[in-house]
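Colleague: Here's the feature list from Swiss-Prot:
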- 25-45: transmembrane segment (TRANSMEM)
- 54-74: transmembrane segment (TRANSMEM)
- 104-124: transmembrane segment (TRANSMEM)
- 125-145: transmembrane segment (TRANSMEM)
- 151-171: transmembrane segment (TRANSMEM)
- 179-199: transmembrane segment (TRANSMEM)
- 228-248: transmembrane segment (TRANSMEM)
- 280-300: transmembrane segment (TRANSMEM)
């Protein structure tokens, strides 16, 4: 049976659960939080009506979901060779031949094209930023840097930080220092998050010959790098001074709490996996709490 002529190599069509794995729905959903926060902050700071802005928000969320999901599907297509080596990737439909390459590419490019149309309907800046995110993630991260340099995580952080900027421009139609500040928060957050994950999967990345920082430079060098990015996060709440001193204080406490955890939870060499897990879990909570603060504090200020 020709793989290019059927939806899957095994019996039955791709399930919704498998579709979510193909487009990395968990990653997409996580990025929709800062995307919405960007739109919400633009509405509040520019005194727009929330009700009249709902169509823009919905179109932005749909467009963002489609371009991110499409780019992730294309990443899965390109990474099939290394995913087959890594134990944590064995459930992916692209690894166990649940979807053909032809249909995977149709799904990927179809989602990205429709998503870009949605963003360009909103305005040109949103569409352009979305396109830059696609090109950055697929070309500069997936195809080039992921397999060739330990700077891959930092390079991938550029396209990974565009969701709140798209959210902002969907409402305002132009960039601002506030949008750039949101970008910088996500940009600095990503290396800490993904280095922690890379420590946990160090052996897998080494086996697949992917030059993640822990696999090439070791744990101590990676830990130092994570603290550098934690320090860079510290001043960023002050760039969002429009949200007031309460937000700055609470966001700074979030940052200091992360630094404290990093300093106190590592006792001995054998603890590095436990330490990485704690840092990874904190990173997930940090993302939600930070942007929840953005929304809640701005709502309180508006009242």
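Cβ from N, Cα, C; glycine included.
Remember, predicted model here, so these are calculated numbers, not experimental data.
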Colleague: Relative to the transmembrane segment (280-300), which of 25-45, 54-74, 104-124, 151-171, 179-199 accounts for the most Cβ pairs at distances under 8 Å?
Modeller: 25-45
Colleague: Would you kindly list the residues that approach the transmembrane segment (104-124) from elsewhere in its chain, counting only those six or more residues past its ends and only Cβ-Cβ distances under 8 Å?
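Modeller: For the transmembrane segment (104-124), the sequence-distant neighbours (Cβ-Cβ under 8 Å, at least 6 residues beyond its ends) are 22-23, 56, 59-60, 62-71, 73-74, 76-77, 94, 130-131, 134, 166, 169-170, 173.
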Colleague: Please indicate, using numbers and ranges, the residues of the same chain that are 6 or more beyond the transmembrane segment (179-199) and have a C-beta under 8 Å from a C-beta there.
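Modeller: For the transmembrane segment (179-199), the list is 34, 37-38, 41-42, 153-154, 156-158, 160-165, 168-169, 172, 205, 212-215, 219, 222, 225-226, 229-230, 232-233, 236, 239-240, 258, 272-273, 276-277, 279-280, 283-284, 286-287, 290, 294.
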